[in-house]
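S.K.: Once you've had a glance at the structure underneath, I'll fire off some questions.
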Amino acid sequence: MDYHDPYFFGYVLGFIHLLGTGAAIHALLTVRTSQGAIAWAMPLLFIPYFTLLPYLVFGRSSFDAYIKARRQANQEMRIAIGDLNWRPWMEEAVAARRSEAYAALRAMPKLGNMPALANNKVKLLINGEETFGAIFQAIREAKKTILVQFFIIHDDKLGRELQSLLLEKAAEGVAIFVLYDRIGSHALPGAYIDKLRDGGVQIKAFATRGGWLNRFQINFRNHRKIVVVDGLKGYIGGHNVGDEYMGLKPPLAPWRDTHVQVIGPVVACLQESFAEDWFWATRELPPLSLPDEFPEDGVLCQLLTSGPADAQETCSLFFVEAIHAAEERVWITSPYFIPDEAVTAALTLAVLRGVDVRLLLPSRPDHYVVYAASSLYAFDAVRAGVRVFRYEPGFLHQKVVLVDNEITAIGSANLDNRSFRLNFELMLLTVDSDFSSQVESMLTADFNLAREISVQESHETRRLHQLGMRVARLISPIL
C-alpha cells in the first residue's frame, strides 16, 4: 500500500465517514430517546474521527443482544427459584393489599414486578458512621449467610475493615457472597479479591457481557447497594464502600448520604434482587434464607428494581408517578439532576397544582460536565417554579424522595438519564406516616444547611458559563 498516494488519506477519511454514517443510523435505530439519538447521530455524521470510539464505549444503549441475554437469565433465575417453592410473602402481600396505605402506591407494584408487603421494621441511617456501624454489627452477628453487593468497593480503610470481617465470618463457616460492579470498582486490586476468595468468600464481578468488543462497553452499570444477613436484616441506600463515604476525603468531605435498615418480609425481595444479579454473573443461585417469623405489624414496603432489560423505563416512570401522586409536597434529593422530558413535565405540573416541589442538589461537583448540565436544568426548574437548593457543607450523594406525609423512597437511583435508562437501580418505597416524619426531619435539617437558587441567579450567570452549561446539556443524554 502506497501511503504517499495523494488519494490515500482521502480513502481513509471516506471510510471513516462511512463508518460514522453506519453508526449514526445504528444510533437512530437503537438509542431509546430522541434526544440521545440526535446527540449521537449528528457528531457521528459530521466528526466521526472524534466520536466513533466514544460511541463504541458509551453508546449502543439499547444493546439488544445484551438485553435479550439478561432477560433470558432472569427467566431462568425465576424458574430456578420457583423450583425452590420460594413464596415467602403471600400473607404479607394479602395484608398489604387490604390496607388503606396500599392505594398510595398506585402503579408501583405492577411497575416494579415486586409486591407491596406489610409488617416491616425500617430504620433510617443518615450518615456513613451509622450505616456501616449497623452493617458491620449485623455481619458480626451472622450465623448462616451474608449477601453483599456494592457498585464501588475500595481497598482503603473501610474496604479492608469489610474484608477483615468477611474473612472472619467465612472462617466461622458462614456462607458469604460478594458482588461488585466491574466498572465502578475498576480500581479494586486483584490481591484484595484473591484474599477474600482464598478465605472462602465467593466473590464475583458484575459485567455486561463477555467477548472482546464488549470489553469497551461501560454502560449498564450495576449501581445497586445491598447487604442481607441471614435473611433477617437488609440494608439499602446510597453508600458504597470507601473512605469518602465516611467523609474522610476532601474536598468533597463531609459526605452526605442515606441508607435504610429493614427487617421483615421485604428482605426476601432484597434477596431476590441479589439473586437475579448473582445468577447473571454465575448462572447459580445463592442460598435464600427466611426467618422463623416476621414482625406482627410495621411499615408497608415495596422494593422497586429497575434496569435496562426492563420492558419499560421503570426508573423514569417511578419518578413520574411519584411526582404525579403528590398533593401537598414532593421533596427530592439527588447528586445529579438531568431529567428527561417526562420528569420535567411532571415537576412543572406539580408546581401548577400548588404542590411544594423542592430539589436538593450538591454545591460541589464530583463530575464537572454532569454538574454543568445539572446546573442548567436546575435553572430551568427554578424558572418553572421549583424550589432548588444546593447543599453547602459537603458533597450530597443521597437519593431520597418524600411525597406528602406518608410515602418515601430511598435507594440508589439518581435523577438522571443514566439511572433512568442505563443502570441497574434499587429503591425502597415505604408508606408510613411515622417513618415519613423521620425523613421529613432529616431533609428539613439538610435544607437548613443549603442555599436556595434564585430566579435572579439563573439570569445572572456569565455568558461563558452559560455556554459551557449548554454544551454539557447537549451531550447530557449520553452521559
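Keep in mind that glycine also has a Cβ here, set from the backbone N, Cα and C atoms.
Pulled from Swiss-Prot, these are the listed features:
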ACT_SITE  H223  active site
ACT_SITE  K225  active site
ACT_SITE  D230  active site
ACT_SITE  H397  active site
ACT_SITE  K399  active site
ACT_SITE  D404  active site
DOMAIN    218-245  domain 'PLD phosphodiesterase 1'
DOMAIN    392-419  domain 'PLD phosphodiesterase 2'
TRANSMEM  8-28  transmembrane segment
TRANSMEM  38-58  transmembrane segment
S.K.: I'd like to confirm something. Which of the active-site residues, H223, K225, D230, H397, has a Cα closest to the Cα of D404 (active site)?
M.R.: H397
S.K.: Average pLDDT across the domain 'PLD phosphodiesterase 1' (218-245)?
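M.R.: Overall, the domain 'PLD phosphodiesterase 1' (218-245) comes to a mean pLDDT of 94.
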S.K.: Can you count helix, strand and coil residues in the domain 'PLD phosphodiesterase 1' (218-245) using DSSP?
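M.R.: The counts are 3 helix, 11 strand, 14 coil.
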S.K.: In DSSP terms, helix, strand or coil for H397 (active site)?
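M.R.: Coil, per DSSP.
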S.K.: What is the three-state DSSP composition of the domain 'PLD phosphodiesterase 2' (392-419), stated as helix, strand and coil residue counts?
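M.R.: Its residues fall into 3 helix, 12 strand, 13 coil.
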S.K.: How long is the line from the C-alpha of K225 (active site) to the C-alpha of H397 (active site), rounded to the nearest angstrom?
M.R.: 13
S.K.: Round to the nearest Å and give the CA-to-CA distance linking H397 (active site) with H223 (active site).
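M.R.: Distance between the two Cα atoms comes out at 13 Å.
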S.K.: Cα-Cα, whole number of Å: H223 (active site) versus K399 (active site)?
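M.R.: About 12 Å separates the two Cα atoms.
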S.K.: Can you count the other CB atoms that lie within 10 A of the CB of K225 (active site)?
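M.R.: A count of 23.
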S.K.: Determine, to the nearest whole angstrom, how far the Cα atom of K399 (active site) is from the Cα atom of D230 (active site).
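M.R.: Counting only the Cα atoms, the answer is 26 Å.
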